[in-house]
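**Student:** According to TrEMBL, the protein carries these features:
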type     : residues : note
DOMAIN   : 22-286   : domain 'NADH:quinone oxidoreductase/Mrp antiporter transmembrane'
TRANSMEM : 59-79    : transmembrane segment
TRANSMEM : 91-114   : transmembrane segment
TRANSMEM : 150-169  : transmembrane segment
TRANSMEM : 176-194  : transmembrane segment
TRANSMEM : 200-217  : transmembrane segment
TRANSMEM : 229-253  : transmembrane segment
TRANSMEM : 273-292  : transmembrane segment
DOMAIN   : 288-335  : domain 'NADH dehydrogenase subunit 2 C-terminal'
Amino acid sequence: NPYILATLLFGLGLGTTITFASSHWLLAWMGLEINTLAIIPLMAQHHHPRAVEATTKYFLTQATAAAMLLFASTTNAWLTGQWDIQQMSHPFPLTLITLALALKIGLAPMHTWLPEVLQGLDLTTGLVLSTWQKLAPFALLLQIQNVNPTILVTLGLASTLVGGWGGLNQTQLRKVLAYSSIAHLGWMILILQYSPSLTLLALLTYFVMTFSTFLVFKLNKSTSINALAISWTKAPILTSLTPLVLLSLGGLPPLTGFMPKWLILQELAKQDLAPLATLAALSALLSLYFYLRISYAMTLTMSPNNLTGVTPWRFSSPQLTLPLAIATTATITLL
């Protein structure tokens, strides 16, 4: 029903906006709750057992994270007597809040729900989950000052490594995208202490790249690597561009995805964190491997079971093509 859909999308926007605009922990928490409650029906709209399972998992993790956040902020108010987000001083609630937000966006080692949830969703809802749902927790992470850098660096490094290792063994595209999301979030968190503007840049480029990737898979109606092998006959032009999009997601120069990684490594080197930068760069190689594997399945293998002549390769949905064209161009040439 379009009315219900409009209401839910409005709730989704409202929750994020409330969190953006708040300087009081209670209001921020309320925004996150509205956000979660608005996306739950969107996730369960296809009444498939897998979708319902994913929705339940998502609801439980988000509720846990929100409860942690509320507990930490009340503890902070109890210890220091004020609710202001910017004025956090006590280390205990600070650490708790950082961990709660990490659970909310799916940073390692609190990442295990993300691949499971994403795998059960429709690609469009999965796109909303991978992009829009990250905004509100990130706004809060950017606002809290004087967090212990060790925590953030540990979370970031663990996420890049887990995102690399975890994606290697997957054949389902949505799970690969989930691990890729974890790895990118790791890069953002690594640099959060030293240069918040770089975190925002990485987030923005990640959004553009993920947008075009999800739209490509939606257009091809493919959810596993095997299904990609026959995508050549569905949309040849698109299939020849997709490897570039995927390699951009992996961070290969001269594509757009290289830019945030380049700048983050440079900033880490400036901060005398060369070993950390080396580890992060090596973990990016893991991600690059599985993106390359998907590209290989897409363009360099011919599927034996369908004839090129008989399959229609017209764009099926015109409302997809314009955003897809913009996102793909941005993903490839924005550097």
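Glycine is no exception: its Cβ is also placed from the backbone N, Cα and C atoms.
Whatever TrEMBL says is automated annotation, not expert-curated.
Please situate the listed features within the shown structure.
**Tutor:** Remote same-chain partners of the transmembrane segment (176-194), defined as residues 6 or more beyond its termini with a Cβ less than 8 Å from a stretch Cβ, comprise 102, 105-108, 111, 114-115, 117-119, 126, 130, 134, 138, 141-142, 147, 149, 152-153, 155-164, 166-167, 170, 202-203, 206, 210, 213-214, 225, 249, 260-261, 264, 267-268, 271, 276, 280, 283-284, 287, 290-291, 294.
For the transmembrane segment (200-217), same-chain residues at least 6 beyond its ends with a Cβ under 8 Å from one of its own Cβ atoms are 123-124, 126-127, 130-131, 134, 138, 142, 173, 177, 181, 184, 187-188, 191, 223, 238, 242, 245-246, 248-249, 256-257, 259-261, 263-264, 320, 323-324, 327-328, 330-331, 334.
Residues 153, 156-157, 160-161, 163-165, 167-168, 170, 176, 179-180, 183, 186-187, 190, 246-247, 249-252, 261, 264-265 of the same chain sit 6 or more residues outside the transmembrane segment (273-292) yet have a Cβ under 8 Å from a Cβ within it.
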**Student:** Summarise the model confidence on the domain 'NADH dehydrogenase subunit 2 C-terminal' (288-335) as a single mean pLDDT, whole number.
**Tutor:** 78
